[in-house]
Amino acid sequence: MEESLLSIIVALDAKSQYDALKIVEQLDPTLCRVKVGKELFTHEGPSVVKKLQEENFEVFLDLKFHDIPNTTAQAVCAAADLGVWMVNVHASGGRKMMETCVERLKAGNYQTQLIAVTVLTSMGREDLKDIGLDIEPVEQVKRLAKLTKESGLDGVVCSAQEAKILRELIGQDFSLVTPGIRPEGSNADDQKRIVTPKQAMLDGSTHLVIGRPITNAENPTEMLKSILASIA
């Protein structure tokens, strides 16, 4: 499958394996990847990843590991053992944590992509101030994205508004995975920094994470095809 055809990652906003599989029944694994987050993975464990892989979907395991270097690296390698396409950590865990993860993945000859979360898309300046960072979100994103690149990871999660800045700052050989994507007319839900799929791709995003607009659609396949057409 060409990477360019798999720019959409469908977030499986489901509590059970049954519900997740019902969603993917209506999706085409040649047109998208899927994301398994904390709620679904905590309910169902590794079996849901295996079931999705049996349906030929590549899985982004979105667990945002954040711990001491050795513990985080062990968790990342455990995810890689599941054969997931991508896994992530929190960049705020620091350089040593991220470098240790990269070293362990290389030592194990894993092909799993490793990216980092910079600033959660639900956080604005006041939220950062509450945790002792008197800084605009975009400045913290830039700082953590540079650290992620220097640590040898494959990319970062960032909002579309930051994608253009990061592309200029870091260069082309770096994935920018963008949540907070909503097609025209969609509800913003709990994402503060949102943008349309077309604009996100124009701004430099390589992968778009889209959940409820697809999974809650009357016809998820048609919604996915509509989004793909909008960014073609």
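Glycine is treated like the rest: Cβ placed from N, Cα and C.
These come from Swiss-Prot:
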- Lys64: active site, proton donor (ACT_SITE)
- Asp13, Lys35, 62-71, Thr121, Arg182, Gln191, 211-212: substrate binding site (BINDING)
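All features noted in Swiss-Prot, drawn onto the structure.
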residue : record                    : Cβ within 10 Å
Asp13   : substrate binding site    : 17
Leu63   : substrate binding site    : 17
Lys64   : active site, proton donor : 16
His66   : substrate binding site    : 18
Pro69   : substrate binding site    : 18
Thr121  : substrate binding site    : 24
Gly211  : substrate binding site    : 20
Leu63 (substrate binding site) falls, by DSSP collapsed to helix, strand or coil, into strand
Rounding to whole Å, the Cα atoms of Lys64 (active site, proton donor) and Thr121 (substrate binding site) are apart by 13
Asp13 (substrate binding site), DSSP three-state class -> coil
